[in-house]
Amino acid sequence: MPQNTLNIVILAAGKGTRMYSKMPKVLHEIGGETMLGRVIDTAAALNPQNICVVVGHGKEQVLDTVKRDVVWVEQTEQLGTGHAVKTALPHLAAEGRTLVLYGDVPLIDVETLETLLEAAGNEVGLLTDVPADPSGLGRIIRDSSGSVTAIVEEKDADAAQKAVKEINTGILVLPNAKLEAWLNSLSSNNAQGEYYLTDLIAKAVADGIKIHPVQVRSSHLAAGVNNKLQLAELERIFQTEQAQELLKAGVTLRDPARFDLRGRLKHGQDVVIDVNCIFEGKIELGDNVEIGANCVIKNAKIGANSKIAPFSHLEGCEVGENNQIGPYARLRPQAKLADDVHVGNFVEIKNAAIGKGTKANHLTYIGDAEVGSKTNFGAGTIIANYDGVHKHKTVIGDEVRIGSNCVLVSPVKIGNKVTTGAGSTITRNVEDGKLALARSRQTIIDGWVRPEKNKQ
């Protein structure tokens, strides 16, 4: 097998006690994706022979949540990082290299790992950092010539070693030909009573194998998450980087510090996004799209020149060109709007196709429907699509005028150019061009005396 064969082991067995959560630590999210999912995707971009993920606490929940084509290996006892890698040995090639990553180091990137792999060659590569505060972290020990000789965990370090600022990030590259022997020779005779993966550095030095340290270009790339504060700090760094990339690409963000992207955003030119907007999943924004403040948009496609007014919520929908949506509008999954559609305040559309030029400007629910072009919904229109057991479809033609406060009881068909009187409850099909009225006649009672409060 060629020496450049790459295996990747991702350690994800920890409980994450300091997260104070019933959820396994690696399932907490950065930018709308689990930390472990992010690390696996980064690892996959290196085109390894295989990826082994070592799981332990919450194994079933991890496997159910993180749907990836990897080898899952269970560490039944939490005996340290060295023991965790050892559990993956049966799945690693006899030759080549193994890169060790961590499921709670979510922002590690391909560029950093490629640099480390190149530096390591077929020897040992070690990713290091010099953080502002190295407390609690393993120190990189060098000899008088500057060569790395060992990593000492802080609990096992003496005063001189604790004074060292350079720390071990935990990410390293190891030659497979030596890996099994080194792991089998590990001892748990230390302050933690665990098998430290970091002890392999001293073993490599003893075997005459050179250690190639690479300092990470920015501390956050190798930062681990142990509590919710650290999770929030990395989330903000991640969001800042995404905002910067969008700004460089020509998107106008009214305030980059108040923007969240939890997925992928494809955009045209002259897109404007106001403050406090959240984008989730796969988003596509056409040219000249404007998103008002405080909108939530998830898995949506919005056509050119469309305006989404503040406080609107769009999910799983398609919006055509030149649409006016909101404020306070809600487009639910399978809502498909053609061009020049107006959807106003407190209008909800779900699983409905809306034709070109149609308007629903106020207080309307359109569900499980097919609506033609240039139709107008009066305020308070409701499509009653659910009978308590099944959903039913309503079909409405072109140039229909639905009066205010109407109820269309599905299934029903409304023909082209139909008008329904305000306050009508429509339960039967209406042919083209007809006027449909379904309400009781107004009665005026003369001589009626209105009750008054007794003033005493």
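First residue shown is number 1, and so on along the chain.
Here the Cβ of each residue, glycine as well, is placed from N, Cα and C on the backbone.
Among the candidates ARG428, ARG439, the residue that Swiss-Prot annotates alongside ALA379, ASN385, TYR386, SER404, ALA422 as binding acetyl-CoA is ARG439.
The average pLDDT computed over the region 'Linker' (229-249) stands at 98. For the pair LEU11 (UDP-N-acetyl-alpha-D-glucosamine binding site) and ASN385 (acetyl-CoA binding site), the Cα-Cα distance reads 50 Å. Long-range contacts of the region 'Linker' (229-249) within the same chain, counting only residues at least 6 positions beyond its ends with a Cβ under 8 Å from a Cβ of the stretch, are 19, 28, 30-31, 106-107, 220, 223, 256-257, 259-261, 265, 267. GLY80 (UDP-N-acetyl-alpha-D-glucosamine binding site) and ALA379 (acetyl-CoA binding site) are 64 Å apart (CA-CA, integer value).
Across the structure, GLY14 (UDP-N-acetyl-alpha-D-glucosamine binding site) and ASP104 (Mg(2+) binding site) place their CA atoms 9 angstrom apart. Between the CA atoms of HIS362 (active site, proton acceptor) and GLY80 (UDP-N-acetyl-alpha-D-glucosamine binding site) there is a gap of 61 Å.
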